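Novice: Pulled the feature table from Swiss-Prot, pasting it below:
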type: BINDING; residues: V77, G78, G79, S284, R285, I286, R287, G288, L289; note: NADP(+) binding site
type: BINDING; residues: R97, R136; note: substrate binding site
type: BINDING; residues: D227, D252, D256; note: Mg(2+) binding site
type: SITE; residues: Y143; note: site 'Critical for catalysis'
type: SITE; residues: K193; note: site 'Critical for catalysis'
Amino acid sequence: MKTAHTIVVFGGDYCGPEVMKEGLKVLSEIERQNPDVKLELIHHLVGGAAWDVHGENITTAALSDATSASAVLLGAVGGPKWAKHAIPVEWGLGRLRKALDAFGNLRPVNFAAPSLISRSSLKPKVCTGTEILIVRELTGGVYFGPRSEHDGSFDQASDTDVYTRKEIERVTRLAGSLAMARDPPLAVTSLDKANVLAACGRLWRGVVSEVMAAEFPEIELRHMLIDSAAMVMALNPTKLNGVVLASNMFGDIISDQASAIPGSIGLLPSASLCSIPERGQESSRIRGLYEPIHGSAPDIAGKGIVNPIGMILSVAMMCRLSLDMGAAATSIEAAVRDTLEVGICTPDIGGTASTSEVGDAVVAALVRIFDKH
């Protein structure tokens, strides 16, 4: 009997459908190589595309399908066409994350191929060997705390940073479980501002310390102030190798800073997870939302030059974390590496290949890898 997985696909806006097409090419080849697996794709609209058709940024039917699926794939959301809407179309993504209860965002920071080291914003001697997994808490903190807008006078406004023990415990367990999936376990560096802040400072540090000591004593835990971490990320990022754990706002900022290291924002995948993988397991079956970290890129959408690697590597993350197909994920990563190493890449990283040519090359590399085995 075949193992069945349902995947909800949101192409999204502008360049989103372009990169999604390449991600699905790769996924189709993975299904071909695994005859005991059946992948059912359900397509829905989100963001501006959903607004144009349905008059809302995401439909109830789409949310229902997503919350019962094995995983969700997303291209990109939003753009200038809908910039003046009273309700931002990007809120569709927020509604999707909330419906899924996606609480932990994962962003790997590394080089998909050795040849990319020369494309980094950092000197090769500084960035070579960077291997970081940023785990960002998504449900609490200043983005969701009570706020007071100014009254039009621009005199005063406020945002309140609120965290609960439960929120911090959950994301700490996620970071610990991901660290334990490697042998030996990865170090965990927790970022905070414990010298001046209460919520994402002293509370954060205290709860993280308790959980790690009680549940993950094998793991080396390091605490670092967020401003110090930002400096280290720019000067010597390998000092942060392992899992970097951060609150919502700090994780938002440090992950964007880190995205400059691999050479192009188009290279980087992400996952937003809804539960915690089993301790010490390299692959799992937990629901997650997978998307490249780049935006909808309206300036280059439709030109056939958008980098699809972030989307393709997001598919690899989905295979590993939601479909329990770790070997397939490893094959995708190897195919991406092989493709980039022979110079087949988009203009953002110095190549001349189109979006579809890169996708086709990754699929061809996947076929070669499969045939070798």
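The count begins at 1 with the first shown residue.
The backbone N, Cα and C atoms fix where each Cβ goes, and this holds for glycine too.
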Novice: Taking D227, D252 as the binding-site residues to compare, which has the smallest set of other Cβ atoms within 10 Å?
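Specialist: Fewest other Cβ atoms within 10 Å, among the binding-site residues D227, D252, is found for D227.
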Novice: Cβ neighbours within 10 Å, counted over all protein chains: which one of the binding-site residues V77, L289 has the most?
Specialist: V77
Novice: Determine, to the nearest whole angstrom, how far the Cα atom of R287 (NADP(+) binding site) is from the Cα atom of D256 (Mg(2+) binding site).
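Specialist: That comes out at 24 Å between the alpha carbons.
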Novice: Given the binding-site residues G79, R97, D252, D256, R285, state which is nearest to K193 (site 'Critical for catalysis') when distance is taken between Cα atoms.
Specialist: D252
Novice: According to DSSP, which of helix, strand or coil covers V77 (NADP(+) binding site)?
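Specialist: DSSP call for V77 (NADP(+) binding site): coil, neither helix nor strand.
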Novice: Under DSSP, is D252 (Mg(2+) binding site) part of a helix or a strand, or is it coil?
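Specialist: For D252 (Mg(2+) binding site) - judged by DSSP and reduced to three states - the answer is helix.
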Novice: Which one is it: of the binding-site residues V77, D227, D252, D256, L289, whose Cα lies the shortest distance from the Cα of R97 (substrate binding site)?
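Specialist: Closest by Cα distance to R97 (substrate binding site) among the binding-site residues V77, D227, D252, D256, L289: L289.
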Novice: Restricting to the same chain and to sequence separations of six or more, state which residues have a Cβ under 8 Å from that of R285 (NADP(+) binding site).
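Specialist: Those within reach of R285 (NADP(+) binding site), by Cβ under 8 Å and sequence separation of 6 or more, are S70, S322, L323, D324.
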